[in-house]
Amino acid sequence: MKLVLIRHGQSEWNKLNLFTGWHDVDLSQEGVVEAMTAGKRIKEAGLEFDVAFTSVLTRAIKTLNYVLEESDQMWVPVHKSWRLNERHYGALQGLNKQETAEKYGADQVQKWRRSYDTLPPLLEENDERQAKNDRRYQLLDTHAIPSGENLKVTLERVIPYWMDTIAPEIKEGRRVVIAAHGNSLRALVKFLEGISDDEIMDLEIPTGVPLVYELNDDLKPVNKYYLDK
């Protein structure tokens, strides 16, 4: 069984080196090219899908659309869930990463970005950036909407969705593609591969490059490779 993971193509805020999180930004032109290239490589590799999953953020949705279009699979059913969203960067969202490092120190910013269990500064309740002000989250219990997340909290929302919704599709023999985000995919990869809390700090997933897993019957990886050529 094969599972394909794709981090969205470069976004406008990736290009500007800004913390993005749940802020909804579009793909950059380079990101569009990355997504289209991913779709072409998937087609060349002969990978076919029966069902697709993505977040509710534009950059991931558009990446998936380009992938399916370029691989001639636009008809594949797509399921969107906030549980596949990027990690919520709290009050860091919208700030420049380099300027934040100069203000707080590179070590502190590295912990906010890469540590498994260090939370970023949280959004204030009345901050206009709160996700509760966004219509796509209005049906969620307000207690489920974060004001900031670390990777641990991100994993705690991603993995139940994997277990309850995605994994059963794979076990039924359906071929799955997931287009999501750097940290929601890091959380899933950590779970699939059994990566330790310390080792996960060093894992980087490139934008717009399909990551193919070959899974056994227990959905444990027996092989993985990037479609980067």
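A Cβ is built for glycine as well, from the same backbone N, Cα and C atoms used for every other residue.
The DSSP secondary structure for His8 (active site, tele-phosphohistidine intermediate) is coil. Under the heading active site, tele-phosphohistidine intermediate, Swiss-Prot lists His8, citing sequence analysis as support.
Marked as active site, proton donor/acceptor by Swiss-Prot on the basis of sequence analysis: Glu86. Cβ-based neighbour count (10 Å, all protein chains) for Glu86 (active site, proton donor/acceptor) stands at 26.
Marked as substrate binding site by Swiss-Prot on the basis of sequence analysis: 7-14, 20-21, Arg59, 86-89, Lys97, 113-114, 182-183. Spatially close to His8 (active site, tele-phosphohistidine intermediate) yet at least six residues away along the chain are Leu27, Gly31, Ala35, Leu57, Arg59, Ala60, Lys62, Thr63, Ala179, Ala180, His181, Thr207, Gly208, judged by Cβ distances under 8 angstroms.
For the recorded site, His181 (site 'Transition state stabilizer'), the DSSP three-state label reads coil. What Swiss-Prot lists as site 'Transition state stabilizer' is His181, and the listing cites sequence analysis.
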